[in-house]
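**Student:** Have a look at this one before I ask anything.
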Amino acid sequence: MGMGWKVLNDVKPYLAMVLLQVGFAGMYIIAVASLKAGMSHFVLVVYRNLVATAVMTPFALYFERGQRPKMTITIFLKIMGLAFLEPVIDQNLYFMGAKLTSAGFATALVNILPAVTFVLALLLRMEKVRLRSLHSQAKIAGTVLTVAGAVLMVLYHGPIVQFPWTKGQHHATASGQGAGGAADARDWLNGTIMVIIACVAWACFFILQSNTLRSYPAELSLTVLICGMGSLMSGAIALVAERANTQAWVIGFDMRLFTAVYAGIVCSGVAYYVQGIVSRQRGPVFVTAFNPLCMIITAVMGSIILKEEINLGRYIILCCHHIKMDVDVLIH
């Protein structure tokens, strides 16, 4: 029995990260569908974090009553930084970038996240590299593969890869592109830059979250504070950005409401909490190592649900990142 519990405890971080990636993949698909149907990404970010705050607050009050460390100026500033990095910068720029490109492309580009996190952790001495160690060599090789893959994906598209469920889609999409080619190219470039900046902000968030949990080891309360402050900051930005469009704030019982609730509960509330626990146990680099799984799920779901094309360049990246994820899991 003791051996069984030990195996279960060893497996839990892996299982938690895999389930989170499935949750993120679902969010990326429904979020892009809602955004392309006209939902404001500024409003989505606000509602997402309000939902997360409302859902997670009772759990934090009950399970961590009497356990929360004393709030200091330093901890407060760190929490403000976390709220600015993830709910404000990352979520807004990611949604803007995904709307200008596609769910599959944006998610694939997010796979630079493990590389950026690893480099930051290395610079801040949270990760150690021994060049003669096979473990360190695998990490460096994975980082190089990730960056090279992202560059290849941006620069090379290649022919469309046909799957049984995508036959006939290519001609329908190609016929609507023609005259808008230059505008589409600008949109893709701007979207790519936005997603890259979002990834850097997200990597910084993981590093700062890991650091903050050392002095404030209350994952549920930290999640509530991040989401609460994030909703206030995002709300201020959204009020300015959507000041001429008050209808942007009105949502009914439709896909937009489902997107905000799903993203708030699964990808903000639960995700911050679980990532915080795993990051404290295994480090921020481990948390980001499972991102390729999300890319694979999103690419397949995007081609089925959103009718997105998968070109040869992205197909190669899917295969490479699947190999990289296997290596990352093994070395951890």
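Just so it is clear, glycine is given a Cβ too, placed from its N, Cα and C backbone atoms.
TrEMBL lists 15-154, 191-319 with the feature domain 'EamA'. Sequence annotations record features per position, and here TrEMBL assigns transmembrane segment to 14-35, 41-63, 103-124, 136-156, 188-208, 220-241, 253-274, 286-306.
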**Student:** Suppose I define contact as three or more CB-CB distances under 8 A, residues 6 or more apart in sequence; do the transmembrane segment (41-63) and the transmembrane segment (188-208) meet it?
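**Tutor:** In this chain the transmembrane segment (41-63) does not contact the transmembrane segment (188-208) - fewer than 3 Cβ pairs sit under 8 Å.
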**Student:** Under 8 Å for C-beta pairs, could you tell me which stretch among 103-124, 220-241, 253-274, 286-306 has the largest tally with the transmembrane segment (188-208)?
**Tutor:** 103-124
**Student:** Checking distant contacts: for the transmembrane segment (253-274), what same-chain residues at least six beyond its ends satisfy Cβ-Cβ under 8 A?
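**Tutor:** 16, 20, 23-24, 26-27, 30-31, 33-34, 37, 39, 44, 47-52, 55-56, 86-87, 209, 219-220, 222-223, 226-227.
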**Student:** Taking every residue in the domain 'EamA' (191-319), what is their average pLDDT?
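**Tutor:** Across the residues of the domain 'EamA' (191-319) the model's pLDDT averages 88 on the 0 to 100 scale.
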**Student:** Looking only at the domain 'EamA' (191-319), how are its residues distributed among DSSP helix, strand and coil?
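**Tutor:** Tallied per class, the domain 'EamA' (191-319) gives 108 helix, 1 strand, 20 coil.
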**Student:** If you run through the domain 'EamA' (15-154) with DSSP, how many residues end up as helix, strand and coil?
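**Tutor:** Looking at the domain 'EamA' (15-154) with DSSP, the answer is 115 helix, 0 strand, 25 coil.
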